[in-house]
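Working notes, structure below.
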Amino acid sequence: MFGGGGLRPTSAFVHTTLMGSMARGERMAIDFNVPCDVEALRSDRDAQAKFISSSIKQCSPELKYSADWTCFACGDPAHEVVHNPMSWLHAQPAFVMDYVHFVCRLSKDECRKVVDESNAELSREMGMEPPTSEAEEPAAPVEKPPVEDGPSEEPVKEAGPAQEKDSEKEKEQEGPAGGCAVCHKLGKMLQCSRCKLIRYCSPECQKADYGRHKTVCRWVDNVEKTFPAEKKEGAGEGETEKPAGDGWPASIPRPFDPAPPKEHDHSNC
């Protein structure tokens, strides 16, 4: 999907590093190959922000419901997801790095603080502005800290039908990460046989989400899981466990490192 020669690149990588319990070392690295007009994005910062936000939002269910994730800080079952995207759309190929922390509840101050500190450290290492934790709503990195809004002076209105629907939607978004992607039911799950990510409790729920998932499923380029606890209990059953890396996919060059030397062809030696 990458244009060669004079062709325009038609996609960008969105590389995600999922981080569950820090103590258990739960990690997953996923490469999404997202269709887009890279040249148009490079010349428009607003378009970059919209692309990053919309892409990550589309992929969010595949990330959240990919395993029995636990809180990065305390190890309790995770309900919310915090994104920390950073972009290198000027690189060849263009890519976005998204560090994803799972958290039990952002309302739990001690856990939110640990996630914020982890994201701040990651951002500083990459030369980016440290973000603030916001569940499920990723935003593009900014050069200056966002200005916090002051208290609203508008009178408080009673909740109407639309507000009640929004409240129900928020509750759905906070379903347990180990549950079904559609109904959030816990128990035995069925996993998509192609992408090996999103999970459902029944064929009915899988069919209900197929219209949305089929697009994201095609974007999945590579998945690497590192769940030490599962490996000790029964490695070799089903999926291949890969050694833990440093969060960078082999197919994407680091932004600050030189290109690796080409391997010598020994066939003519």
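Each Cβ is built from the backbone N, Cα and C atoms, and glycine gets one as well.
Taken from TrEMBL, the feature region 'Disordered' covers 121-177 (among others).
Annotation comment: TrEMBL describes 129-142 as compositional bias 'Low complexity'.
According to TrEMBL, the feature compositional bias 'Basic and acidic residues' maps to 163-174 (among others).
Here the domain 'MYND-type' (180-217) has long-range neighbours at 30, 32, 58-59, 61-67, 172, 223, 239, meaning same-chain residues at least 6 beyond its ends whose C-beta is under 8 angstroms from one of its own. Annotation comment: TrEMBL describes 180-217 as domain 'MYND-type'.
Annotation source TrEMBL lists compositional bias 'Basic and acidic residues' at 228-244 (among others).
Residues or ranges marked as region 'Disordered' by TrEMBL: 228-269 (among others).
According to TrEMBL, the feature compositional bias 'Basic and acidic residues' maps to 260-269 (among others).
According to DSSP, the domain 'MYND-type' (180-217) comprises 15 helix, 4 strand, 19 coil.
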